[in-house]
Amino acid sequence: MENADIPENANEHCPGPQSESAGKSDACEGCPNQQICATAPKGPDPDLVAIAERMATVKHKILVLSGKGGVGKSTFSAQLAFALAARDFQVGLLDVDICGPSIPKMLGLEGQEIHQSNLGWSPVYVESNLGVMSVGFMLPNPDEAVIWRGPRKNGLIKQFLKDVYWGELDFLIVDAPPGTSDEHISLVQCLDATGIDGAIIVTTPQQISLIDVRKEVNFCKKVGVKVLGVVENMSGLCLPITDFKFMKLTDNGEQKDVTQWVWEYMREKAPEMLNLLACTEVFDSSGGGAVKMCNDMGVTFLGKVPLDPQLCKAAEEGSSCFAKKDCVVSAPALKKIIEQLIETNGWSMLLSNGV
């Protein structure tokens, strides 16, 4: 973790932010971080002791990361939490995407507030075994912008980790913002001593996403966080053919809805087609997608989740896709990935041992 403490834009021979000579040595002259390092408190962080004590009751800590925004990371975090809770695990979901907290909506908890007890901040509960904490619960209205600099965001992350009373948890899932910046370094530094099981990294198939996701994999390697695997989300569009709308181009270039005619034709001429799934690529995956990236970087590929409008609807409704009969494409794909994670990492033993 020593290397992670030194900012990437630091001067050569940087003594490190925790050094007594930080911001004062000859090597610090002209460094953009000089003033911050000179005035920052030195030595062990007293908050880390409080965080270690609080996290002592959490058996497994999983980070959900992505170098790219908009890849469905929060959707995956929410559905992972729903799936683990449905297996009777005790689950906590911590949303540290300070500027874009979407977890409250995806868990159906919009409008809820944080309550404090003598034990600390209380999570907001979806079920008795699924608690959630997010900065979204602290905003006066959902449209409020969080305009904070790094130190204040890091301070809230620390407060979440040391002040939220989760009780006994089998899993704490941490939904992080995209990138490899302050929040990610703070997370790893604060949780390092308590043991992080690893990170699940979410991407989409195209190179424009994978370029940033490769950086996230390298970040995990540099700071010593195990990559549990990579999920390729939005891996093609796949849905029942009866969910499609069919259009016909007229001579003047306008679109005419012929859906009813197509359905009636299929019912009469080829009723077996009504049970088919229609699939197509949405993003360019000619570069090999997440599978090739995982092979190149030596990390585990967990699987693909197709772009499914029903999964999007479940996220909008704040519900579990596993409880919806309409999620016939995304739910089985997610279930397979989550079962692989549970078996590969030995987490099923928690239930078999009655823990």
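Positions of Cβ are set from backbone N, Cα and C atoms, glycine also.
Owing to the predicted nature of the structure, the values given are computational and were not obtained by experimental measurement.
If you look up TrEMBL, you'll see CYS14, CYS28, CYS31, CYS37 marked as [4Fe-4S] cluster binding site.
Annotation comment: TrEMBL describes GLY67, LYS68, GLY69, GLY70, VAL71, GLY72, LYS73, SER74 as ATP binding site. Cβ neighbour count for GLY70 (ATP binding site): 12 (other Cβ atoms within 10 Å of its Cβ, all protein chains included).
What TrEMBL lists as region 'Disordered' is 1-27.
Sitting within 8 Å of the Cβ centre of GLY67, LYS68, GLY69, GLY70, VAL71, GLY72, LYS73, SER74, and not among those site residues for ATP, are the Cβ atoms of SER66, PRO178, VAL202, THR203, THR204, SER209, ASN233. Shown in sequence order, ALA10, ASN11, PRO15, PRO17, ALA22, GLY23, SER25, ALA27, ASN33, GLN34 are the same-chain residues outside CYS14, CYS28, CYS31, CYS37 whose Cβ sits within 8 Å of the Cβ centre of the [4Fe-4S] cluster site. Annotation for the binding-site residues GLY67, GLY69, GLY72: lowest Cβ count within 10 Å of the residue's own Cβ, GLY69.
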